[in-house]
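Trainee: Please find one structure pasted underneath; my questions will follow.
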Amino acid sequence: MAELEGLEFGKSDFVLLDEVTMEQFMENLKLRFEKGRIYTFIGEVVVSVNPYREMDIYGKETIDAYRGRELYENPPHLYAVSDAAYKAMKRRAKDTCIVISGESGAGKTEASKYIMQYIAAITNPTQRAEVESVKNVLLKSNCVLEAFGNAKTNRNDNSSRFGKYMDINFNFNGDPTGGHINNYLLEKSRVVHQQDGERNFHSFYQLLRGGSNEMLESFHLQSDPAVYTYTREGATTNNDRTSHKAVMSALNVIGFSEEEINSIYQILATILLLGNMQFECDGESVQIVGLEAVNHISELTATDPESVSKSLLYRTVATGGGEVIEKGHSEQDACFGRDAFAKALYERLFGWIVSRINTVIEVKDYNPMLHGKNTVIGVLDIYGFEIFDNNSFEQFCINYCNEKLQQLFIELILRQEQGEYQREGITWQHIDYFNNQIIVDLVEQPHKGIISILDEACLTVGNVTDTVCLDSMDTKLAQHPHYTSRKLSPTDKTMDFQKHFRIRHYAGDVTYSVEGFLDKNKDMLFQDFKRLMYNSANPVLKEMWPDGHLSITEVTKRPLTAATLFKNSIVALVDKLACKEPYYVRCIKPNEMKSPVLFDDARCQHQVAYLGLMENVMVRRAGFAYRQPYSRFLQRYKMTCEYTWPQHLMASDREAVETIVTQHGFQDDVAYGHTKLFVRTPRSLFTLEQERAALIPILVLFLQKVWRGALARMRCRRMRAIYAIMGCYKRYKVKAHFWEVERRFANVRTMADYGKSVDWPTPPAALSQFHNITVMLHHRWWARQIVKNIPPSDMPEVRSKVAALTALSGERKDWGVSRPWERDYLANVRDCPQTSSSFTRVSKELRNKDEYSQVLFSGFCRKVNRFNKSTDRGLLVTDKYVYKLEPKKQNFLVLKRLPLDGFTGLSVTSGVDQMVVLHTSSQDDVLLCLQRGALCPNQDRVGELVGAMVDHFTRSIKRHILLSVCRSGVQLHMRGKLKSVSVETKPGQTSADFKKSRDGFTLFVPGN
């Protein structure tokens, strides 16, 4: 029983219907079609309804879902029956076959392609090149056979106009090694005539629409199909061009040579040109209208133009005395011969293509001792039962074929059922069913059957017509219960006298028109055409006509008629299928409008009847509707019994199954086989299904709970293990870091730089903060080692330089760090040799007077006064006051004294100029430019002044003085007004000096 489908989609297996009636069958079929479920089982038979739309149920995920699964484990699908056939072949080394049947437009061709694709997808997992090559040829052969064997009909845009049986050979590994294709009853009459709205075979339109201009020109063709009599009825489609490319590619992949491909299309061109050939009668003889076509046909077939004309206009006949005479055709005979020749050309071409493909895909160098057993899967895609308004010889043959297949189908189904019952030890009950052997005998029985009567009429000398043949059938078959005609049933006005006869087939009554039966059965082709083609210089064409080598005077055995040939091929096919394990796909066409939503009940019911689906259900249901191995049954329903869930403790699975059955009270509705349980009615099964459906959510929640708990515990154990490993690893990394630091810094005390050049190892993340502290401690230790070697007298200078370094923060490049800082330059004899003595005297006086303890800085400067004029002044910065001194006359008169703690900040530039602004709390700032003395004309003294004041403010006054390093202009206040000072380089300037500007002052410094 197929799983995973709810009852809202209907019954997934017709065997499980409550009652086997046509109404319930059709109701279930319609419901599933409307719900988008196009496949339904009848036991192991798949019923397929053409959806007339693309469906996303054939992808790789779907293939994987069905690979290796049992039929009832997934919803019904073509892949399920394909996998069942493949498993039976591979596991039990059984030859199997898949029989696909249904009327035109029911989806047989598409079904066969999906089956081939599935088999190709699940085989050759190791991607062996030779196996892939076989698979590609098998798949590509479908494309070629569709082009040359399919046509658009009023019922189907891609209707197979021939029957196809393909054997796929597999090695002991289950990989395809080759194959063989048989074709049956190609509808060659379509070459010369099509019904209104239908087309000729696809190949003609693909050539005309898809062939290149050069190809068509070489074949003397035009691209418009309406130009040619044989293709005038059908319109082209957009797919013809792309299909032609696909066919050309497929021919190359299969292995056709360029010469062979060219010959194929030359024959198609010959057929098209033949169709346009006209004849006229000049009173005594018949002539061809326009000899240009004859020359073109001669060129395309590599024959003599005169021989072509002669074959079309004359028939060579041998008399009883061995004399050979030429008999001229009438205009009607010439047209008949032309059409017969065109049909034969296409039939021979199609047969040659099939045989050429078989040559490529046949199993080569096979040795059973070396390669193991060679098993086969056969795929039969053959026409279904046909009932048209006008049923002719082709429908008679097709329906006879379906009678044979139906007979085989019922026999094999019954044989399978009986065999399974016997294997399982279940008593077999006789099943009543309609045996259509009587209909098969009506058609094929020697000397009495319709085919024998047709053959006898064809062999009779004289003017035997279709009407005479019908009279013969009426006489010989008058007592047959499944045969009638208007002569035998005079009151039945649905048939015409001397025209119709009726056969009561298993699928329904079919009325056949006898017109054309004898001509189609004779399938006559004048020997002149055979000899013409055999004598062609084209080896491909010559190969297609081996019977043309016979001389006209040679006595040959009369060839078999078309009906007898078809009967023999169908008998051989049935024998071939009978020795295989069969699987069936029954295709149904839901409507005539090719609509994806319309379901024509009457149309579908008719197909269900002639496909014998109801009989199939009845045979399957006659004994037990459902059977399954004990292990599978137990696995599916064990949760419905407390004694079997979750695992039973009984001696065998059979005892556990008996416990389940007994608990639910339907032990009288089952039978126990050796390995399987047989359930008689579907009602018992649905009782179990309903209980199972109610328990599944509870079990799912329980399993989810258990599994989530198991996952949580696994995660917890994993996390604990991870943390333990992480802890050990972190400790190892910490220790390793300490060991490495200890190794690198073991001898830093004896190093000249105390370890400054030693690279620190990269710390683990956990020690990053500790590492930073350690590095800082080392730096401090290193600084301490350096500082303790500095003399006490140099410490003020060192502290000032450190303060300047910190305050300037690298924003001023040259600030005098590399030179000694003298501080008191006005008292330095080397820097101010002329004024140092005078300043020393004044300094002592000021020290005694103002009681300051040390000089922080002194030197000459250029200062802007309150009149906005720049003058030379002396600057003395002590630990209490800042003095502005008059340096003239060397008496250093104190012009102004400012308390040191009244200053709030300093401003300097980032350049090499010596400008300094001393900001005061009273917003009357001091603007000056330090001047260099004789000690070194290029000394930078700004850094020294900044370092001295910042260090003193930090250490003595205990507050920070703000320092601003400006990249362009400097802002200051003079007597409360905001001023701006910029620095400019002026060529020719000898010394730095201030000049008044619009918004303040400009300091001009000498250019280089």
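Using N, Cα and C of the backbone, Cβ positions are placed for all residues, glycine too.
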Trainee: Scan 340-362, 570-592, 685-707, 708-730 against TrEMBL and say which stretch is down as region 'Actin-binding'.
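Mentor: Spelled out, TrEMBL records region 'Actin-binding' over residues 570-592, not the other listed ranges.
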Trainee: Please indicate, using numbers and ranges, the residues of the same chain that are 6 or more beyond the region 'Actin-binding' (570-592) and have a C-beta under 8 Å from a C-beta there.
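Mentor: Counting only partners 6 or more residues beyond its ends, the region 'Actin-binding' (570-592) has Cβ contacts under 8 Å with 29, 33, 42, 44-50, 52, 78, 81, 84-85, 88, 94-108, 111, 115, 155, 165, 182, 184, 376, 378, 380, 384, 400-401, 404-405, 408-409, 411-412, 444, 598-600, 603-604, 607-608, 611, 613.
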Trainee: By a simple count of other Cβ atoms within 10 Å, which of GLY102, GLY105, the binding-site residues in the record, is least packed?
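Mentor: Lowest Cβ count within 10 Å among the binding-site residues (GLY102, GLY105) is GLY105.
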Trainee: Applying a 10 Å Cβ distance cut-off over all chains shown, what neighbour count does ALA106 (ATP binding site) have?
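Mentor: The answer is 24 other Cβ atoms.
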Trainee: Restricting to the chain of GLU103 (ATP binding site) and a gap of 6 or more, list residues whose Cβ falls under 8 Å of its Cβ, or answer none.
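Mentor: Correct list: ARG155, TYR383, GLY384, PHE385, GLU386, CYS587, LYS589, GLN607.
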Trainee: Determine the Cβ neighbour count for LYS108 (ATP binding site): the number of other Cβ atoms within 10 Å of its Cβ.
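Mentor: Here the count is 29.
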Trainee: For the binding-site residues SER104, THR109, which one has the sparsest Cβ surroundings, going by other Cβ atoms within 10 Å?
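Mentor: Checked SER104, THR109; of these binding-site residues, fewest Cβ neighbours within 10 Å: SER104.
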Trainee: Sort out the sequence-distant neighbours of GLY107 (ATP binding site) for me: same chain, 6+ apart, CB within less than 8 Å of its CB, listed by position.
Mentor: SER48, VAL49, ASN50, CYS587, LYS589
Trainee: Please count the residues of the region 'Actin-binding' (570-592) that DSSP assigns to helix (H, G, I), strand (E, B) and coil.
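Mentor: Its residues divide into 9 helix, 8 strand, 6 coil.
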